[in-house]
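Undergrad: The structure follows.
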């Protein structure tokens with residue numbers, strides 16, 4: 001009989017005195033919220049806590065090659081499982097993860113960053129400790145984390161540890177943002193009565209819409225959209241944090257509008273939907289999508305982020321008076337009114353019941369495309385086009401695509417995702433090198449899917465080490481290393497000698513990392529015939545191995561979208577002082 005529900009009342013399930021400690025409590029809390037893997041780099045300040053985590057049989061500690069990748073892996077794990085955890089040592093480790101934690105903050109991902117901190121006796125003593133900048137103030141690390149986390153806890157006494165830990169974890173889940181927890185290195189294994197019982201499971205109070213505000217917002221929005229001739233829907237990246245993807249589809253089903261997605265929301269909107277018309281990305285949209293969206297007389301954007309990248313250098317041809325902007329807890333209709341305390345999922349669901357069916361925009365799209373949707377063309381003159389033509393054929397509900405910052409952004413936008421196929425990239429923060437750690441974390445979480453990662457050579461050089469961790473974990477991802485000897489996306493914005501990188505023998509490097517253990521397979525390809533053979537091997541004979549396929553392409557082999565997007569972003573970067581930005585909602 002399952003006695004898990006009786007854990008609080010049954011004395012036989014209670015921890016023994018030796019388990020009345022902070023370490024096991026924190027480990028159990030992480031398991032409870034689904035963070036079954038912790039990505040870590042050991043150091044003298046966190047080894048006691050690591051010992052406690054290792055002793056928890058339901059928790060796997062994944063040792064990474066560096067702290068930055070550990071946090072990127074936590075980011076990738078959170079994308080699959082809803083929450084991610086990294087554990088590093090004080091300051092030298094903590095400051096190394098900040099870049100990745102900032103990226104998770106920009107993507108609304110609950111990443112719990114745990115740091116092994118100084119001995120509790122050292123606080124307030126004015127002692128100088130190693131792994132610091134040589135000052136007796138130990139708050140430097142915590143202060144650095146304040147702007148990239150939604151809560152910070154410095155646990156240096158046991159009396160308040162239980163409350164601090166639970167508040168940090170629940171805040172991460174509630175806000176869907178990273179949090180910081182520092183735990184003094186001498187505390188994890190010391191008994192304390194506050195840990196003597198199994199903790200009560202987390203139960204977060206649901207956020208609620210203001211009922212009158214919701215009704216008013218729906219009434220005004222329905223009137224606005226129902227009088228439009230050819231309205232459209234566009235999904236944005238905040239659909240994820242609002243947990244409103246299902247309600248957005250419900251609205252699309254009900255209204256019949258043409259349905260598009262912003263580039264940063266690819267994978268959140270089902271591309272097999274009968275009214276899906278592609279990616280809206282201004283001048284670099286998929287074929288005919290921009291024309292349909294920008295010619296509409298009303299458009300509803302659900303969870304958009306309009307930055308200089310997503311707006312192609314602030315060049316979107318949108319008008320505020322035609323737009324309804326729905327954010328996770330706020331609705332703005334044209335130039336006004338605005339309705340606060342209205343949850344996106346409630347608003348979309350209620351609006352679906354009030355809209356008239358209108359297929360005009362979608363029928364216009366069908367008429368200009370003749371029903372020919374999103375073909376990924378193979379062009380013998382372009383190895384990049386050939387590569388993504390064949391990647392398209394690899395996709396299924398059992399795969400997920402992870403896309404590194406670079407020209408892969410544009411090439412992968414043209415992929416048509418089949419039902420169940422995942423898609424992840426980091427557009428808002430755009431940290432070069434993110435995908436290696438994210439591939440590690442996502443694959444560790446989603447063992448039922450095969451990750452297909454598209455990584456440029458410049459990005460790979462930043463974070464390559466943790467291919468080692470992928471091998472140690474027995475992962476079977478397919479990494480396409482796109483080698484053109486340059487930072488291609490940067491050269492698309494502004495070319496210069498700083499974008500040229502030293503070539504590596506990438507397959508030789510990965511073979512050296514594997515060191516003959518036989519857990520990976522590598523190959524170089526230079527033409528379509530070799531690519532076909534490589535994919536056949538990776539999906540056949542080597543389907544249970546990590547497969548690393550280096551694709552050699554010419555430096556000037558860039559997507560046409562990058563050639564359009566880059567100069568516009570460059571122009572936005574180089575605007576003279578005091579020049580206003582127009583066309584940005």
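Cβ atoms here come from the backbone N, Cα and C positions, even for glycine.
Since the structure is predicted, the reported quantities are computational estimates derived from the model, not experimental observations.
Positions annotated as domain 'Thiamine pyrophosphate enzyme N-terminal TPP-binding' by TrEMBL: 22-130. Annotation source TrEMBL lists domain 'Thiamine pyrophosphate enzyme central' at 219-335. Feature annotation from TrEMBL assigns domain 'Thiamine pyrophosphate enzyme TPP-binding' to 426-551. Residues annotated as Mg(2+) binding site in TrEMBL: 457, 484.
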Undergrad: Which residue counts does DSSP yield for the domain 'Thiamine pyrophosphate enzyme TPP-binding' (426-551) in the helix, strand and coil classes, in that order?
TA: 58 helix, 27 strand, 41 coil
Undergrad: How many of the residues that make up the domain 'Thiamine pyrophosphate enzyme central' (219-335) does DSSP mark as helix, as strand and as coil?
TA: 39 helix, 27 strand, 51 coil
Undergrad: Take the domain 'Thiamine pyrophosphate enzyme TPP-binding' (426-551) and average the pLDDT across it for me.
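TA: The answer is 94, the mean pLDDT of the model over that range.
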